[in-house]
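Here the structure comes first, spelled out in structure tokens, and everything after it is commentary.
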Protein chains: 2
Amino acid sequence: MGEFDLIARYFTRPVRRAVLGVGDDCALLAPTPGMQLAVSSDMLVEGRHFFAGTDARRLGHKALAVNLSDLAACGARPLAFTLALALPAVDAAWLQGFSAGLLALADAHGCELIGGDTTQGPLNICITVFGEVPAGQALLRSGARAGDDLYVSGTLGDARLALEALQGHTTLAPGVLATARQRLEAPTPRVALGQALRGVASSALDVSDGLLGDLGHILRASGVGACIHTTETIKLIAASAHPESAGGHFDTELLHQCTLAGGDDYELAFTAPVAQRAAVAAAAQASATPVTRIGCIEAAPGLRLIDAHGQPMPQRYASFDHFA
Amino acid sequence: MGEFDLIARYFTRPVRRAVLGVGDDCALLAPTPGMQLAVSSDMLVEGRHFFAGTDARRLGHKALAVNLSDLAACGARPLAFTLALALPAVDAAWLQGFSAGLLALADAHGCELIGGDTTQGPLNICITVFGEVPAGQALLRSGARAGDDLYVSGTLGDARLALEALQGHTTLAPGVLATARQRLEAPTPRVALGQALRGVASSALDVSDGLLGDLGHILRASGVGACIHTTETIKLIAASAHPESAGGHFDTELLHQCTLAGGDDYELAFTAPVAQRAAVAAAAQASATPVTRIGCIEAAPGLRLIDAHGQPMPQRYASFDHFA
């Protein structure tokens, strides 16, 4: 199978929203008047972002999910994406699974594959995603204000818990591992919540490198600090609620590590004024996405962790850095 | 140097046209009313698209040039791009050169770096570029009609000639190799010509995999055939005009191979009605880009090569395919 057959067979579909899709030098999008275009790129490398041998269907899902998560964090509605793919060799079964997982998630969000590139090389998946947001309404990292509540969507820490188990650093019951692994390999981008939070949240981002590190981006961009109630945060690991987890009795240190600095969560962390609590709850309900208040924004710079007794905890949880 | 320092130091600059650049979950573009957005992605892999050890500055130039070439082929004006970069390790000297070459070309075309991704992995450069074109005026592959003239911009075949020499398949005088290598490593995207051809050309694409193979895309998309005068085509190799080439006495077979099926040219191949000959000449002059008429579009499907005596030649020049 040659390059153009491969594109035709697995990655070419008629477009409905775009003016022109796969098959010319460029794709063409006709922006909606009054909307701004939100753009984000994420690159996934084998051995770095996923294990060699990861299920192709889940990998296709995840490659798009991590990009949709960036649109969600801006409150943008997904429109389209490009896919650039370096493959060691043409493997029809892999391509079938990968494209099925990718396009199923794309369809679920009305996000069209409009173009890209394929080449031979070490497995590398680079997606650039496009969404639209009413002019001036994008959720940014710079809007947090002292006194705002601090929230996180969904669950935290499961992806890291699965990674620790898959790397042999901890042992999990099979059902617990399956729950955690699902979150590692098939994260859920919070696209509906992001859009529901427009005009409600004061700042937002998606948690990809670990809560504390990512939250630092909001704090720096907004010129504020924050206080986090870790007792709320460590409850957010989904796997600890699994029946096989024997009542959720994980090592507390591991729970802190996974939820506060785990990475690969693709949940939204966001802030909103106290006056918006009902609106946040309504956005959570409208998008069928759990939301938990885990702390508050403060004027004093820095991040303060508070334990179950209201006492400050040492901050020793590092965020993920590809080159550190 | 960590991931965020790296981005801040080499790849973060203030944006002027974009609403929001590097540093949030998404970049934001405000499309001009009445314009369509042209989007293209190209991925460059070490050992596949460039030799290990290629000069970083030239590589930065080329990575953006091949993407701008796609905008040129659509007649779009460059606006912005995202850069996703997998690096084996942080090498400050390499990053300095790469970003300098990349951003110099970006500045020359008013094309802003608005976002992207950096990660550790085998060297891989994935750029997605955005341009704008008045609605309905993009140059497509599907507009060629029987009777149209067939043109190509600039020079053809030098990139392949340099590759043949660098791989030891042929020997070139030092000055000739330098001329050819410049075309391989620092191609010139024909951005101004592409825009000048709006409303003039009936179809266009950029020559990246070799003239004949790429022309096949126009022929299939347009449902036509073509005739090419190879005597015109083989003169288009720049290196043969170099004084050290001893009067340009290359092997004729090599000249055919390089110009007809060389690849990496990043010139525009385009068609235009005979009535537009003066307009094509004016577009070439306005954009200071040489343009050569090399054949014509015919109703009968297929590509016919014609030699100096007007006789048909055997068509034995294959285009580049990453997986063939």
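Yeah, the Cβs are placed from backbone N, Cα and C, and that goes for glycine too.
Matching A:D5, A:D70, A:D91 to the Mg(2+) 4 binding residues that TrEMBL gives (A:D25, A:S40) identifies A:D70. The local packing around A:D42 (Mg(2+) 1 binding site), expressed as other Cβ atoms within 10 Å of its Cβ over all shown chains, amounts to 25.
Separation of the C-alpha atoms of A:S40 (Mg(2+) 4 binding site) and A:D206 (Mg(2+) 3 binding site): 12 Å, rounded to the nearest whole number. Among the binding-site residues A:D25, A:H49, A:S208, A:D264, the ones with a Cβ under 8 Å from a Cβ of chain B are A:D25, A:H49. Counting Cβ atoms from all protein chains shown, A:H49 (substrate binding site) has 21 others lying within 10 Å of its own Cβ. Here the C-alpha separation of A:D117 (Mg(2+) 1 binding site) and A:D25 (Mg(2+) 4 binding site) works out to 11 Å. Inclusion criterion for the binding-site residues A:D25, A:S41, A:D264: a C-alpha placed within 10 angstroms of the C-alpha of A:D209 (Mg(2+) 5 binding site); this criterion is met by A:D264. Fewest Cβ neighbours within 10 Å among the binding-site residues A:D70, A:D206, A:D209: that distinction goes to A:D209. As a whole-number mean, the pLDDT of the domain 'PurM-like N-terminal' (A:23-133) in this prediction is 94.
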